[in-house]
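Since the structure comes first, as structure tokens, the remarks are kept for the end.
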Amino acid sequence: MYKCVEQVLVNKMSGSTVVEDPGIPLVDRRNGKYNKYVQDDSQNGSHADLSALGPPGKFDNISYRLSRRKLLIKRRRICVNVECTLALIGLIIMLVENELIFAHKITKSDAVSIFLKSGISVSTLLLLMAVIGYHVIGIQLHMTDNSLEDWRLAVNFPATFLKILMELMICAIHPIPGNITTHVTDPKSEGHDVSIDAILSILMLMRFYLVGKFLVVHSRLLTNTATQSLGALNKVKINTVFIFKALMVTMPGTILIFIMLGILLSSSWAMRTCEIYYHPDPEHSTFFNCMWMIAITFLTVGYGDIYPNSYCGRFVAVSTGLMGVGTTALLVAVLAQKLEQSRAEKYVHNFVYRAQLDKERKHAASDVIKYVIQLWRMKKHSEVSDRKRIRLHGKLLQAISNMREAKNEKSSIGESAIGVIEISKSVNDVYDIVEKMEDTNKELKDQVNNMESKLSDMSTKMDALYTAMMRK
């Protein structure tokens, strides 16, 4: 509130008119710049001198903050686009280089391989610069939103720098030009020298996390200032997790299909790369066999006809199984939500089922009456057929049981149809009835008071009339 008052005073002194945008985030954490002015105003109770405010800062201008925030959001979106493009270029070059080696077209020492790896290194260097630029823009945006003059106030030193360092390490992983080998041992205790490009190429697939960042910066939930304001007021962060939850609510089937396809393709290629580098085998060298092995591992079936022969392949299989368990849980939750009946569908189903149970109960009641009459007639005519009497008696007991079951089932349907919405509606109805009764009681009380006042006036007039008659 004091910020708004100061802004209006400064604008009046400068003779400028600033139109505030209602879409600006409503939460403004100031750094205590005018605390002294606020204390003097509250203690003295008089208008403070405008000269004590000092020169206004650049963040005191709301229009400047809005324009700068819009510009920074646009720059951050461009920076993320550059990151995704460079990461995609690096991944494509890496895939081309590995596939040429798998097909025995080139070797690690050929000039083509060195040239392709050099291209990966150049794209990685540019990607690291784009990542640093993204975080710099994020700090500037935080300074603009919170009116901070110093960037050190907008940085949480342990957490922010660790986050930046981790992202730089993930993006820096790539196959290095040349042929660097290491001695490894497979599960059969057979040792041989292999290139480390397999591990670096597989770890390079972690760059797919940039897809989540791309979805966040291009989502309307992030660019809409009203959503930012509501999130700030309710202490909700509009980040990747929030965007993922929103997408799972709006389009769960599409998101799950993309996740499963991405896991299937990336894990199949990683498994094939591990097996070709660390344990060459014609059975595991084909992409379709690797897809079959990853599919049965993802679905936690595991037939055992094909299994990984290297520690790298086993690690990929374990990771795929864990991701399959998580994705299956998401799929079950989505299916359960989609198959659940809506309120209208529940009402229609319960109404039809209740009518069917009423019909069954009536039929059972009529059967009870019919069998009782038949047994009474047999007793009246002194029929001694024990077989027929036992059969009728059994049918009578079955009809009574059917009638009771229909009654109990109908009562259970009524209990299950009552939910939180029905209870709240009943509470509101009761509250309205009680409020109407209170209003009626108040009106009756006013009428009784009016009647008492009128009776008092009539009594006073009667006393005055009696006094006048007695005087005569």
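Including glycine, each Cβ sits where the backbone N, Cα and C put it.
TrEMBL lists 427-461 with the feature coiled coil.
Taken from TrEMBL, the feature domain 'Potassium channel' covers 260-340.
What TrEMBL lists as domain 'Calmodulin-binding' is 356-425. In this model, the domain 'Calmodulin-binding' (356-425) carries an average pLDDT of 81.
Note on the transmembrane segment (78-96): residues 116, 119-120, 123-124, 126-127, 130-131, 133-134, 137, 171, 174-175, 201, 204-205, 207, 210-211, 213-214, 217-218, 269 of its chain, located 6 or more positions outside it, place their CB under 8 angstroms from a CB of the stretch. Positions annotated as transmembrane segment by TrEMBL: 78-96 (among others).
Marked as transmembrane segment by TrEMBL: 116-141 (among others).
According to TrEMBL, the transmembrane segment annotation covers 153-176 (among others). Beyond its flanks by at least six residues, the transmembrane segment (153-176) meets 31, 87, 90, 94, 97, 117, 120-121, 124, 127-128, 131-132, 135, 139, 142-143, 146, 197, 200-201, 203-204, 206-207, 209 of its own chain at Cβ-Cβ distances under 8 Å.
The transmembrane segment feature in TrEMBL is assigned to 196-217 (among others).
Sequence-distant contacts of the transmembrane segment (238-265) (same chain, at least 6 residues past either end, Cβ-Cβ under 8 Å): 208, 212-213, 215-216, 219, 221-222, 227-228, 231, 291, 294-295, 298, 320, 323-324, 327, 330-331, 334, 337-338. If you look up TrEMBL, you'll see 238-265 (among others) marked as transmembrane segment.
Annotation comment: TrEMBL describes 285-303 (among others) as transmembrane segment.
Residues or ranges marked as transmembrane segment in TrEMBL: 315-336 (among others).
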When you scan the chain for residues with a C-beta under 8 Å from the transmembrane segment (116-141), skipping those not six or more beyond its ends, what do you find?
69, 72-73, 75-76, 79-80, 82-83, 86-87, 89-90, 93-94, 96-97, 151, 154-155, 160, 164, 167-168, 171-172, 174-178
May I ask for the residues of the chain that lie six or more residues beyond the transmembrane segment (285-303) and have a Cβ under 8 Å from a Cβ within it?
102, 260, 263-264, 267-269, 271-272, 275-276, 316-317, 320-321, 323-325, 327-328
